[in-house]
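First up is the structure itself, then whatever we jot down about it.
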Amino acid sequence: PPPPTTGIGGYAIANGDYRVVLNPMDLAGNVCNIHYEGSEDMSDFPVLYYTNMYSIGVCVSECPAVEAGIDAGGASIGVSGFYPGETEGLTAITVADYSEETGFDLCDVTAEAGVTNPCDWRKAMVEVAAETDGYMVRGGSAGLGYGFPVLDTYRFMNRCILTSNAAIQLEASFNAAMQTSDEDSGFLEKLQSDLYTAQGWILGFGFVVAMFVSFFYTFFLRLPGVLFIMIWGCIAAVFGMFFGIGGYGIYTHGLWTATESSCTDGTSTDQATCEADGSQATWVTVCVNEECNDGHTATEADTLLYISYAFMGVAAIWFVLICFLRARIQLALEIVKQAAKAIRAMPMMIVFPLMQCIAFVIFMVVWMLYAVHVASLGKADVTGVCNDGISFTETICNTAGNVWIPYQTFTYGVTEDGVDLEQAGWYLLFCYFWTSQFIIAIGQIVIAMCVAKWYFARDKSTIGNLTVTSSIKDSMYYHTGTAAFGSLLIAIIKMIRAAIAYAQKKAKESGSKTAQAVLCALQCYMWCMEKCMKFLNKNAYIQTAIFGKNFCMAAKAAFFLILRNIARIGACTLVSEFVIIIGKVFICVITGGLCYFAIGSGDVDLNSPLGPVFFVMILSYFTAAMFMNIFAMGISTILQCFVADEEMFDASSRFAESELASFIDANGAPPKAEKKEDNTL
């Protein structure tokens, strides 16, 4: 058969059955693991070991393994063979014989000890003046006369691939050999080095310390007056922002339009006298400030005034709304405190989202296997090519005495019997939506059940981490159907949105503006529908956790509870959003600051601590988001528990603690509604 196509990683034609197999090609054009006519016999050297940074290498018998990542004795592998260096007991790697190849400056591998050997890869890195000096030299023949260090590798597709440890050690050795200074290193190199050096600090502060800061934040909220100042300060800041912007706009409008009038005779004080019959003077109006002469037209000034009035109107609405919700905001403050107490009583709740992440990762591994399998399905057709490059059929090729090389073509997306695999893709997408939402739903039910058990416990000292484990067991045993049905609704909505997105892509390709506008409106509507359904689902799961209702009954109860307490829920949502936003910022800043001072006071060799601190703040943000999602669910659960407590029990038997009980006494408990069902706990 003819020789293979030249080039790195080229296709080689095996003897006998003419199968097309993928084997690596060395720097001389030989194919490792193959022996074809007119080339070196590489059948005993199945793998390729790279000898420079240009993906060029030599065929060897096996991939070397070095526990330290790189051989400290200077051992190397190249066209001259295996050079052991000064390391005793190093396993020798057999290299193919390149002595008969032309164009290579083979090195002397038999040099005595103490003699600088030209095959030493460290010398190859430092002496880069000539083209034959070192693997970093520019040009196609760079490094052919020198060996590459013996590194820790593993075999993949008949190639020796560096392990991560070997890559790090190689870079460190190269920088040391080249005597690279900090000033010569680029920003990314410095950042990568700092991140690797401080990886323990980043993970420790980003997760562990951030978790402790999160718990401190819940304790911080319980301090007298802290939550009051925080929330009312934010509310006042929002009012001040709108009012200040509006006031400044009105002030700026005055500067743009401020004028004064006068008579050109210098004596008349009004326009009538100035422009009297027979008078040669005129009445003139000019700007007072430079701003009105700075290119601002009357239209711009009027627009600024209208915008300013709009901000002042929003500030007024905000003020009236806060006055109307002031009692509900006080209730929300107490509910936030209760949620903080519940989380501090059951710290294991913070670990449950990690369990959800593990479950999601396991699902994604299985899902990806199926997705890749479906994506790889298709229809195979056998065709071929003639080695003369001219004949286009097997008959003509064989008649001319040439060799017909068969190979297969593959058409993805259609099976052998013509079945369209796009439907399987949609099915897998639906499985992803449903399962991911189911995992989220189970988490919400577990958190709601933990908080509900804490609220409706007469003796709060009996509540702890065992409550979390029992809630997990009860949720899995009794309420997986509720979670499955609620998540199914969200999955259906997401599938509709995915179908609309697919239609939007087709409409964009067709160029129909009308279709694009209609589909965009539908996408916006379904987005709103998804948000509303997620909000309703969350409250339905809370009803399930409190009363043990099925999804439909829980969703109905949650819907009417929201209608009956719309002001309370609105105020609680407002307060909780402030608390969550402030909490995320607080946890990120405190964790980043602690990491900065810890790295500065510790024995850590970094170019700059700012890179690791930045990544610590990113990780701490995700930790804070996980914690705050639990906090938000706890707040919503406490609110519904409070309403149920208020509606179901009289003053002598309520479960509310002193702060919430005093709120009920001060504002008056609503009359108990007549119930058609028994909600006794």
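Backbone N, Cα and C define each Cβ position, glycine as well.
Automatic, uncurated: that is what TrEMBL annotation is.
Per TrEMBL, transmembrane segment is recorded for 200-220 (among others).
Among the features that TrEMBL reports, transmembrane segment is placed at 227-251 (among others).
Among the features that TrEMBL reports, transmembrane segment is placed at 306-327 (among others).
As annotated by TrEMBL, transmembrane segment applies to 348-370 (among others).
If you look up TrEMBL, you'll see 426-456 (among others) marked as transmembrane segment. Below 8 angstroms of C-beta separation, residues 338-339, 341-342, 345-346, 349, 352-353, 356, 359-360, 363, 367, 370-371, 374, 463, 467-468, 470-472, 474-476, 479-480, 482-484, 486-488, 490-491, 494-495, 498, 537-538, 541-542, 544-546, 630, 633-634, 636-638, 641-642, 645, 655, 681 of the same chain, each at least six residues beyond the ends of the transmembrane segment (426-456), sit close to that stretch.
Among the features that TrEMBL reports, transmembrane segment is placed at 477-500 (among others).
Residues annotated as transmembrane segment in TrEMBL: 540-563 (among others).
Sequence-remote contacts of a segment are chain residues at least 6 beyond its ends whose Cβ falls under 8 Å from one of its Cβ atoms, and for the transmembrane segment (575-599) they are 198, 201-202, 205-206, 209-210, 213-214, 217, 221, 227, 230-231, 234-235, 329, 332-333, 336, 606, 609, 612-614, 616-617, 620-621, 623-625, 627-628, 631-632, 635-636. Residues or ranges marked as transmembrane segment in TrEMBL: 575-599 (among others).
The transmembrane segment annotation in TrEMBL covers 611-632 (among others).
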Remote residues contacting the transmembrane segment (306-327) - C-beta distance under 8 A, at least 6 residues beyond either end: 235, 238-239, 242-243, 245-250, 253, 567, 570-571, 574, 667
Seg_contact(the transmembrane segment (611-632), the transmembrane segment (227-251)) with at least 3 CB pairs under 8 angstroms, min sep 6: no
